[in-house]
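K.L.:
Structure below; questions to follow.
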Amino acid sequence: MSSPLLKLGAVLSTMAMISNWMSQTLPSLVGLNSTRLSTTDALTQISPKEGWQVYSSAQDPDGRCICTVVAPEQNLCSRDAKSRQLRQLLEKVQNMSQSIEVLNLRTQRDFQYVLKMETQMKGLKAKFRQIEDDRKTLMTKHFQELKEKMDELLPLIPVLEQYKTDAKLITQFKEEIRNLSAVLTGIQEEIGAYDYEELHQRVLSLETRLRDCMKKLTCGKLMKITGPITVKTSGTRFGAWMTDPLASEKNNRVWYMDSYTNNKIVREYKSIADFVSGAESRTYNLPFKWAGTNHVVYNGSLYFNKYQSNIIIKYSFDMGRVLAQRSLEYAGFHNVYPYTWGGFSDIDLMADEIGLWAVYATNQNAGNIVISQLNQDTLEVMKSWNTGYPKRSAGESFMICGTLYVTNSHLTGAKVYYSYSTKTSTYEYTDIPFHNQYFHISMLDYNARDRALYAWNNGHQVLFNVTLFHIIKTEDDT
């Protein structure tokens, strides 16, 4: 037997010894007895999940030891493959986790940016709203200012219409001036300055006539009343509001006196716009209560009838005190001879292009209207005219250019029904309707500067435009 065979035999002999030892020792180590078991019985007890285990041993016919050894399900190779897969999965999960973390950081950053942009957008939205509101407010303010300017210009429309009537006369004057200029130019060219003084006097005469013509245009006969324009709605059903006809163009103060009795408070506004918005500039507390609504502001002072008397008071707004007071002799008061609506309207104070007037009634004139021209400083009666129109049948009255115009009612359908001229001491019945929009007029006064009628119409302060007819007389007509 060769040397390799001897080695193989030694190995086999050694394995046989090991097998024999295992057959004797392993069963006792693992807790098995030496009972012979069949191969089938041994396999039924195999539980490979518990690691390396020996369940039975036997001898084959040749006397060799046969052991049944069960290895775990997962051998070393399978564990390595699954571990590798697990590591790969872990790496992928870690990579995904890192990616998610990076995405989360970006998302947080973008979210903060979105929040910041949202705040900025809200701010811009608020600013746009503010700009829109400011624009609307500014537009409304400009519109209101334009409307007020238009309202101030409206009374001038009838004046412009009246001037159209005198267009021919003005044209004649202009033509005469052109003729004189042409004559003057011709004389200068032919004989120098000869007869210059005569021409100069003619020019001066023409200029004087033009000025007189313009002065005469300030007065006229009432032909038409249009409107009203509602300026404001405020106060009770009865009251008075007015401006000063002798004030300068820059002075547009408005005075407001609510109610016809039991009041002493006069509210002042710097302009019509302030009056409409309610922005008072000053308040006056008069020393006496007034009666009625027929007060007037003239040359910076308020003239009113003292309550429960026929006394007229002159109160200076600038000085804040009474400058004069005088009893209007024989004048009825305290609803003895009021207008048709009552309200202690016995004495009506008014002003026109000529001056200050008082309209009232006396027992001596059988309750008919008396017109008296007053001295604005002393309140003394300078001259009086007795009319034949019953004071109690008059709705309201006002003076224009020395003529008293009387309405026949204070209610719907009222019209100027009667007029009396102090210049000619004559009267006439007229028919000049006007729109009593709010159905009850408790104050109606003419303002010569504005060429308009101020009215208190059932808690509404309104303006009426008037159209006057002018008669211009030249020197040849006198």
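Backbone N, Cα and C define each Cβ position, glycine as well.
Quick paste from TrEMBL:
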COILED    79-141  coiled coil
COILED    170-216  coiled coil
DISULFID  CYS219-CYS401  disulfide bond
DOMAIN    218-470  domain 'Olfactomedin-like'
K.L.:
Long-range same-chain neighbours of CYS219 (disulfide bond), Cβ under 8 Å, sequence gap at least 6?
P.N.:
GLU353, ILE400, CYS401, GLY402, LEU468, HIS470
K.L.:
Taking the Cβ of CYS401 (disulfide bond) as the centre, count every other Cβ atom within 10 Å, in any protein chain shown.
P.N.:
19
K.L.:
Which value does the mean pLDDT take for the domain 'Olfactomedin-like' (218-470) in this predicted structure?
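P.N.:
Within the domain 'Olfactomedin-like' (218-470), the model's average pLDDT equals 96.
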